[in-house]
Structure formats: C-alpha cells, structure tokens
There are 2 protein chains.
Amino acid sequence: MAPPERLDRYPPDLSDEQLYSLVTEIKDWQINHGSLLKVIDTEIEHTVLSHPVGVACFPTLFPRARFSQALDVQEIYNRLYCSVGEDEAWIFNAIRDLIPAEPLADVLWKIHQAAKKSGSVQDISMGIFRSDYMLHLSDEDLDSVPSSKALPETTLKQVEFNSFSCSGGSHANKVANMHHYLTQMGAYNVDDSSFDVESLPANKNIESIASGLALAHRTYGEPRSKLAKQTAVLFIVQPYNFNIADERPIEYALWNREEPVPTYRLDWGPKLLQYTRLTENRELLFQPPWLLSKDPIEISVVYLRAGYEAKEYNPTGYEARLQLEKSAAIKCPSILGHISTFKKIQQALTLPGALEHFLSKSDAAALRETFVPIYPLDKTDAGLYARELVRDKEHSVGYILKPSLEGGGNNVYGEEIPGFLASVPESQWSKYILMKQIDPPMSSNILMSSAGIDSGDVVSELGVLGCCLWKANPSDGGCDMLHNSVAGWTFKTKHADIDEMSVVKGYGCFGTPRLVDI
Amino acid sequence: MAPPERLDRYPPDLSDEQLYSLVTEIKDWQINHGSLLKVIDTEIEHTVLSHPVGVACFPTLFPRARFSQALDVQEIYNRLYCSVGEDEAWIFNAIRDLIPAEPLADVLWKIHQAAKKSGSVQDISMGIFRSDYMLHLSDEDLDSVPSSKALPETTLKQVEFNSFSCSGGSHANKVANMHHYLTQMGAYNVDDSSFDVESLPANKNIESIASGLALAHRTYGEPRSKLAKQTAVLFIVQPYNFNIADERPIEYALWNREEPVPTYRLDWGPKLLQYTRLTENRELLFQPPWLLSKDPIEISVVYLRAGYEAKEYNPTGYEARLQLEKSAAIKCPSILGHISTFKKIQQALTLPGALEHFLSKSDAAALRETFVPIYPLDKTDAGLYARELVRDKEHSVGYILKPSLEGGGNNVYGEEIPGFLASVPESQWSKYILMKQIDPPMSSNILMSSAGIDSGDVVSELGVLGCCLWKANPSDGGCDMLHNSVAGWTFKTKHADIDEMSVVKGYGCFGTPRLVDI
C-alpha cells in the first residue's frame, strides 16, 4: 500500500499523454466488455449504436472499515426485508397513508389484495436487494481544521434500501473488472504512489445474482403442469430498454452455468398476457411465437426488472402483474416485497422498536448505526416534529425531502423545502419523508461519460447487493431463510455539486473503491 | 441431427415476430460481448460510438468432412510457412520480379537486407497464420441436375494464405459463442428441424492465440538487459483503429492468464521510435510516458498488427520496422515471414516440386489437394500459358487476376481481365497472379450488418488459424519447430453476388459453420 501521506494528492496530475492513454484504455475496455448503453432512439431492425457508460477514471479512495461494515450488515438487512415482506399487517400500517396519495402504492396494494383473495400457491419468495450508503462526516470533523489523515473519520449511513428491480449490478461488475485490469497493467502508476491490485475488492455480482436465481429455479423443482416438459426463469423487462447491458449478463450467466438454467425475457405489457397463461393450478406457462417448441415452458422464477412506475399499471399492466402474483412461480420479488422498497418503509423502520419487531437487539443495533433520522410528515409525534422543521428555511437546512418512489430525481433540498411544500396540498404530504442530509467527505477523481470528462471533487455511494430465498412460515408469521448471502456491491460516484446519482441520466459514474486503512 | 431432407429449406422462413426476436437477441448479445466496431470518426476524448459487426443470423451449413480436412492440414501448412520464412534464397527467387513492381515488397526486402547486415541476435520466430478456403463444386456437379443430397459434393480449395497480421480471430470467436448461445436457448427452433448445439464447432481463437504469444514470451526468458526488470509482449497497432474489438481481446487474455503476461500496445509510426530503443546488445526497451515506472520494459515478443500497407513505410515507418527486426525480441512475424504472405509465394508453391522442397511427399500431396491452378504472368512456361489465357475474354472466364498484396479489394474477374491488363504496363504484370476461380456452392442465410439485413444466397470462406514458434536451424537451412498448433478458425459469409469478403467494409459477415454429414 502507498504511504498514507501520498493519498493527499490522489489521483495524481496527468500529462495530456497520460490522460489520452488512460481514456483510450478505458473506452476500448468498455467496448470489448459491454460496459455500454444503447444510444436512445438509434435502434433499428439491423443495427443500434452504443456508447460507454459513465465511469470514474480512477478507483476512489474509501475506508476499508466502512466497506467491511456495509458488507457485514447485509445479511441482517436481508433477513429484515424478508421478514417485512411477509408481514402484511406491519406493511399496511406503514403505508396506510401513502396509498391514497401515491398511485403506485395504491395499485400494488390492490394487486396484493386481489391475489390474496385467490390464496397463495407458492410460499417461497426471492429477493435481490441493494442497500445504498454514503460516508458521513461526524459533526466534529465537519467543523475541525483539515486532519492530517488521508481520509477523515466517517460513519456509514444508509441512503435507501431497494427491494425491487435493483439495477447496476452488472455494470458495477464490469467496471470493477476494468479498474482491476487498469491497475494490473500499470495505468495508474503515473507517480511513485502506485497501488496494489489487492486494494480493489473483487466483484462477482453477475455470478452471484445468477447463482441466486439458479437456486430459486432448482428449489421450484420439476414442472408441475403436465403440459410442460421444462421449467425456466422469466425476466420481465421494459420494452425498448437502452440499459440491456445491465440485465442481459445475468441471463447469459444462467445459460452459461455448468447446469444451464433456461432463461427467457418478456416485455412488460400486452405481450406478457399474450404469451403467458395460468393453468388451473396456476402454474405459469410461457409460450411465445418465437420459440416454436410444441410444449409450453413452465416458469419457475419470475424476475422483475419492470413495473416500477405507476404509469406501467394501465389495465393491461394491472392484469399482467396480478397474473404473475397469483402464479405458482417464485416471484423475485412478491408484491409485498416490492412495496417494501418504498421510502415510507425505510422511515417506518427507524421508529422506536420497529427493528426489534423483526430482529434481535444486537442485530437491530447494528442496522440502526447506519440510520440517519428520517421523519414522516404526518400527524404522529415524529411527523409533527418534522412539520416544525420544514416550517422555515433556517431549520430545514440539512434535510432532504424525498418522495416515497425510488430514484433520486425528485428530491427537494434544504431551504427549498418550505416553499415546495407550500405548493403541495397537505393531503399529498404523506408521499414524502424528510431525511437528515448525509454529509459525505469529498474525494477527487476524473469522471468520464458521453456527457464529457471532468476532474474535481466527487462523492460516492456504495450499494451492497443481497440475495435471498425464503419460505413463509405462517405459524409464527415470519419466514424461514433458505438462502441469505451478500451478492456483491455497486459503487457510483458523482461530482460533488450535482445532487443526482443517476447513471443512465449521465450524472453518476460507475467505479471501484480503493480501500485504504485510514 | 436433423434429417438431411429438412436441410433443403434451411434456414426456415421466419415470421416478423420471429425475426424481430432473433435480431434483438443478436444485437443485445453483440453489445454485451464486444462484437462491435467503433463507428469511424466518432471517437472523441470522452466517448465513442460503436455498432455491431456484421454477422450471419443463422449458422451456415457446411460439410463436416471439409471442415475437418481444413483443420487437419493446418499443421502441415504451419510447417511449410515456417520453412519458407527461413529460406531466404527460395523467397528471393519467388519474389525477384515482384520487388521492382511492388513498393511493399521492395521496402520489406530492403529492411530484411539492412537487418541482415547487422546479424541476427534472435533465432526464434513466431507465426500466427490463417489459411483461407472455400468449398469448390466439382465440374460434374456444376453441370448435373440438382442432387437429392442436402449439400453437393465439394472439395476444399485454398483462397489465400496469410502469414502477417491475421485479423478476424477475436470476432470469429465471439460470433461463434453467440451462435452457440442462440442455438442453446432455442432461437433457431423455429420449425421442427431444430439442431443440436454439437453441430457447431467450438472456437477458442482468443485463448489459443494468447497462449501462443505467452509461450513465445516464456521462451524469450528473463530480461537480458540490466536496465530492465521485466519483460512484456508489445502489440504494434495502427493508430485510430476502429477494429480494436479484434485486437484487444488477445491483450486482455494475456493479462488474464493464471500467470499474467504483461502486454502493451504501441502505435505504428513516430511513437514507435520515441518510446522504444535498442540497447547495445539490441534488447528492445519500451518506456512510454504513460507508464511512469522508472525502469524500461524489455520486449520479449513483438506482435505486428500494422505495417501491411506500403504507405506506412515512410522514413519513420522504415526505421521503426528495421529497429524491430534488428532487435532481440521474438518477432511475430519476422520480415521474411511477412514476405511469405504475398500471393507470389502462394503461386510459387504451386510450381512442380516446390512443396517437396520443404515437405515430405505425403504432406505435399495433402496440401496440393487444396490448391487451384495459379499462374504468374511472367515469361516462364507457366507465365506464358497464363498470358495466353488472358489474351481474350473467352479464355479468361473462370479466372481471377489478383495483385500480390493482401485483401480482396483489387481483384479483377474473368472477362474483365484482358481489358484491365491492356491498361497496365507489362513491367507491372509481375505484381499479379492469375488464379482459377473457385466455384462455391450456394447456401442460404440472413446477413445483418450496419448496412442492412437481407436474406438470400450466400457463400462462405473458412479460415484456419495456425500458431507456431520455431528456431532457425542454420546447419540444414531449415527450422526446428518449438510449437505447432491449430489455433482455431474464422468463418465469413457474404451474399453470393458480392465479390468482396471484407467485414470491415461491410460485405462479409462473421458466422459459424453448422457441420453436417452430407
């Protein structure tokens, strides 16, 4: 490892020739490994353009202890969200006020109720989760003179928890491999603070996620319907998706296994109802016109990478999702698992005793360490306190108002909150949570995407992927874990002056932490 | 395997939905696996566009026996060209008339002579070869009524032999993997003549070529210069190459080996002289500004993917190639190995007794089976015969006039030959060879590239890659083989009415043979 003092000027200044060589290596690597996005609207029958996904040119300094901590708590988070996903009453209580205000919550809850009426024919569920964190400077460090350490003392704070259609796993895997290659071939040896490839954690997201889906597939077992001779995993995807380089590698990995797992993809929408159907016993049969086998294929696992926007739930979307939910296939995830992704759930889990409802005291404590204060805007005590905070600009500094939907695009920051809320009918306030802002330390990097290349202060977000399979245990209202693992991690970096982390919108860049002992 | 009679209507007719599904699978696979070309002139510092390389949508029917034959003779071809590359007198005799007419032959011979004056400090050479074939209908079959067989009887005929900068290996590898995936996942099961994945031969080009270079690297041994602490393979490439997806995978494979082989790339041209130098003992040292290690790297193997056009040999290009040739690095290939790629050599090897000069009678016979008649246009008996043939349109039908340079872009066909030659001074005729045209059987396929998608009659070219390492044996003027292997194959398909097979120009498409026992 480099002597710590050298980390102060990391990454090193590059000559034009060095930068040219580095970005050429990066672009070529990305083209060869599918670290790409389709260029929107360029796809025609016979061809399509693509360009490299945004990446950080250097690995980003990150404290090893915080990285380990994030990985260490993931299996507890997995257990927590499996349990939440089986606790209908708890979920309803948490989102009761959200349902009338948020169309997606409303339609998902309706589908859940409709499916419940039919009774469940599958007591096993799957989850692919991603818990996102940022480093947080302690208040002391914020005010103190710059320390002599390479990195300041920080704590690990959760930004959000995603239980539905988690993306970025494949891109993160590819970019981690790229930084590994660039380190190995000496692209970063531009001064004498060269670093060892061992400081870059390995990334096996694609293999791990495929392995989790393969386990669910095996757990489903032989075809139950006499009409089908084989089973397969079905990916439900958005049509015309330009981000196929994140989904497809998991399909290829399933086909590439020593015991290949047949995997097909199907667009969300009318095709879903055209090409799948339920048998009397609710096996989900798949028979698209492009696979002219005489026998339909029985779907073992439905993996959803679509259906996360309210607008997808027109009557066809509603019927399609209901059919999946009612089916005997293992859902990744179930409707209740999907609802667990709302930020109202994240907020409800910060309430006193909430974690302890699901976890042991020590596990609850380990998770709570990663929490920042989150408040509802309702009329509970916590809600009234939050309403007080956002009454004026002065007090709302240091908070973020977030809608309960996923993605960071609609957040409102600090002083802008009171004005924004004044424009929203109070009946709609339950859509939002108020979250204490995380103050991450700055780091330096060069970020490169189709939008440009720029060096400067950056902040990073570490996502930890979890993969689990569980069986509902009605006797105690909980769940029996069949599989619980840390599947890997994602690492996104953005310029410090940008609020959004979205990679597909061009703000965030995939990268790799360079772990250092501070 | 499908019953032979079903092959008559292969590939099957596709509905719009089936075609849409198939081409979507193909484009997505290509993006994820770097089966791409950079779009020319779109590269800027921070990004570059790429599009899928042209591919055949279906594997192409090909007789198993002819495929095996092509693989079987490759080790003999390897030995032949290793021997040719060590036989200066034989080469000179073959290209004597070419030198005054062909600038590339002229400059390469000059470099050879200049290097020879310094004496050799490396008696080991490497070759990565590609022998290209087409199927040839026997004259009887040409005239007969269509046979009831799926494929007509054919023989295997060599189109050309490439000993320099052979391309297509990585693309062929990727596309073979793609057809394997598409077959496995049932994309071709559009009627009941589905076929087994076993009928598609495996392709390991990338691994094999990397393995050959790694062996050469190990054979070179420890650094000889005291200035260097490590050795590495150096790829010499054309600047601004849009076909990096064919070169880069070999570099990545070398870095990815269990014992990684350091591999760097360097542009042909001024950088080659700026960043490499010869020590007094002619070790080749590499020290570019983008690798700021204090110590230069000693080059073990120079792999040339540039320098195949006369225009690259301005004074800088001349000096650069001479420096490489004089160095102690193992050259892949040497200058004489490079010269062996001229079609004049191919023609000279068809002369009576030529093969027997290098090979046993039985080996010579095995290669000669793959020859079609090739003539010079000089004043030897063979040349005079050829001059007679091309005197009028009637007799020149069924022949192709080819310049001695590589690539098929400048060929002249049949009736056009007399008119063309009339426009060329007789002193330049020695640049050309006259080759009997190969009559390949038609096959059917759907070809897709950025230029469009079209189904119809196609013809294919099978390339067999060879990889060898040898030591000059001055005692008998021959060479001792240190390694001799079949490295893999390429398979290109074009519409039958197009003369050129160039993939980068958009005519030829990469594909996979579907082997059938006719």
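Heads up, the Cβ atoms here are built off N, Cα and C, so glycines get one too.
If you look up TrEMBL, you'll see A:K343, A:402-411, A:Y413, A:435-438, A:E461, A:K494, A:E500 marked as ATP binding site. Summarising the annotation, TrEMBL assigns Mg(2+) binding site to A:E406. Summarising the annotation, TrEMBL assigns domain 'Glutathione synthase substrate-binding' to A:232-339.
Known features from TrEMBL, placed on the structure.
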residue	record	CB count, 10 Å
A:K343	ATP binding site	21
A:S404	ATP binding site	21
A:N410	ATP binding site	12
A:M435	ATP binding site	25
A:I438	ATP binding site	21
A:E500	ATP binding site	15
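For the domain 'Glutathione synthase substrate-binding' (A:232-339), the model's pLDDT averages out at 96.
Secondary structure at A:M435 (ATP binding site), taken from DSSP and collapsed to helix, strand or coil, is strand.
Taken residue by residue, the domain 'Glutathione synthase substrate-binding' (A:232-339) breaks down under DSSP into 39 helix, 29 strand, 40 coil.
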